[in-house]
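Listed features, source TrEMBL:
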- A:102-318: domain 'ABC transmembrane type-1' (DOMAIN)
- A:12-29: transmembrane segment (TRANSMEM)
- A:106-129: transmembrane segment (TRANSMEM)
- A:141-163: transmembrane segment (TRANSMEM)
- A:195-214: transmembrane segment (TRANSMEM)
- A:257-277: transmembrane segment (TRANSMEM)
- A:297-321: transmembrane segment (TRANSMEM)
Amino acid sequence: MVNYILMRLLRMIPQVLIISVLAFIIIQLPPGDFLTERLNRLRASGYTVDEAEVQRLTKMYGLDKPMHLQYLKWITNIVTKGDFGYSFVFSKPVNEIIGSRMGMTFFIAFLAFVVCWSFAIPVGILVAVKQYSVVDYFFTFLGFIGLAVPGFLLALVLMYVSYSWFGLKVGGLFSQEFQTAPWSWARFVDFLKHIWLPVIILAIGGTANLIRTLRATMLDELRKQYVTVARAKGLSEFKVLMLYPVRIAINPIVSTFGWLLVWFFSGGTVVEIVLNLDTAGPVLWRALMNQDMYTAGAYIVIIGTLTALGSLISDLMLAALDPRIRFGGLEVS
Amino acid sequence: MPEQHTTPQNSSVLVEIKDLRTYFFLAEGVVRAVDGVNLTVNRGVTMGIVGESGCGKSITAYSILRLVSPPGKIVGGDIFFYKVPKDGSSSQAEVINLAKVDPNGETIRNIRGNYISIVFQEPMTAMSPVRTVGQQIMEAIILHQKVDKKTAREMTIDILARVRMSNPERVVDEYPFQLSGGMRQRAVIAMALSCRPQLLIADEPTTALDVTTEAQILKLMRELQEELGMGIMYITHNLGVIAEMAQEVAVMYLGRVVEKTDVKELFFHPLHPYTQALLTSIPQLRDALTRQEKSRLNVIKGMVPDPYARLKGCPFHPRCPVMISGVCDEVEVPEIEAAPGHMVRCHLYTSH
């Protein structure tokens, strides 16, 4: 098992490096760079641009150097100093922009994940056990709505409903008066009042998806002989379910843990824009729109690394759950 | 509450099935999988149940343990289980009508795995692949014998040794997929026997195994029966295995027992045309080799009728070589005691 974990950790290094190269190529793909974009805009609005100033900026950011050297400079700074570069749009170091938003984004993603699992797993088991019952049809209907309605639309509808019916203003993460206030109990309560909506909206799609997946795998497992065997031992129905079909049906849920977290982390951009949240999504969107390459690059690298890390956690949990993976995997001894 | 039964108690009777009907209510119609079965299994005796696929032999067994789940349902009849307490507190049997108990209730759960166990056909899928052999056997021991984990583990190793598992101390921590088919069936049998049941239902336990392993498993079951004194209900479509294992035999056709007698009588004096046909359709190795021309095996003409159809009279009449027109396809057949201890359900032995 230790070997297996070590091997998986080692494999992550080239993975993340490849991700960083790809991220760099992607952000360089659109023609031009941040400076030319800026200059064009300035010229378009009638400003005369000082060529010397342009030269100075180009040199400062190394934009005149070949791409691989630019990449090397960028990645070296990230790896050695943890420095993701400078954001042209926000005129601040990227670390500062990300740092302030990353925690919040993570917190929301984590909450969405907790809501998702703690709702989807029991419901998924229930609808499989009570297949074709009223409960099953109810959650199937709800599930398809959850899958089909885009998050931003749901956000708009819920915002409208909570404002016009209950007089709640749900946009943003804090009320006006707490926006810049230091953390306090009152600010925390205010935060909770705002956060439930994005959490639910983010969780809904994933929850619907998980319920469908779990229902399908549970139905497969429930038909297996070992379930009848377990029942024939005299175990209570609850124990039969938990110890036998659920133990196996949970596998696909665990194996998607990695992407689910990332999906909650990055998937809500449009929702976050609609709800006016100070999270990572809207910043990434602005950075991409303005060719703010270092900010965008930082996000892509972070999300990519998270995906790799998530898959690692998934794999480790799977190996712990399922001996067939443990014995069939890298561990030979 | 278990229903009290009024017939005089015979101490050798273990399970008495009376007019059992288990139907499956499907969208296409009602399948009468078990349609009026009468059967008695005695202590220490092996009752063989033979029949083609779909004749209801497995469903009869499942009904005893109340393992038939919707759309299947026991719609009529009784299954009396004569439960003699295991702790020896009384030799008097408590009679429980299993057909009437709650299928998820305390009563049946105390009987399952404890008084009545079942071994299924497929050893490959009878155990969960993600839990160790030991965990899956210990569960039943802890549940029914109220012992701690350590004792249960020792008992598990002991029972594995008893089913002649090599290296039981290692196997107890292994996963089912690490064992061969034969070893896995031994583990499944160990699981079924772990609480010393009074009745073992064996639902084609050797069908999926090769003949060598089959012979070993059959021998093992006979030895364990002697050791534990349990009754066995042995379900198979293999008449050779019946001759090997059973003292009494019931032949089933379309949800009914059509003939029931001791094993010698069945092989030497079969009365029902269906039984006779079954016996002549066994391939004989010697015949096949000595005969010059390759001759065809006897087959029972026709097919098992559509499961949704309900036939008038005797259900075997469309395939029967000696069908009496106007009787067999019209009149319901009762059970007839054609000779002492030899029951048959055929119009040839009635006065019509």
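Yeah, the Cβs are placed from backbone N, Cα and C, and that goes for glycine too.
Taking every recorded stretch in A:106-129, A:141-163, A:257-277, A:297-321 and counting its Cβ pairs under 8 Å to the transmembrane segment (A:195-214), the highest total belongs to A:106-129.
Touching of the transmembrane segment (A:106-129) and the transmembrane segment (A:257-277) is concluded from the presence of at least three CB pairs under 8 A, sequence neighbours closer than 6 excluded. When each of A:141-163, A:257-277, A:297-321 is scored by its Cβ pairs under 8 Å to the transmembrane segment (A:12-29), the top-ranked stretch turns out to be A:297-321.
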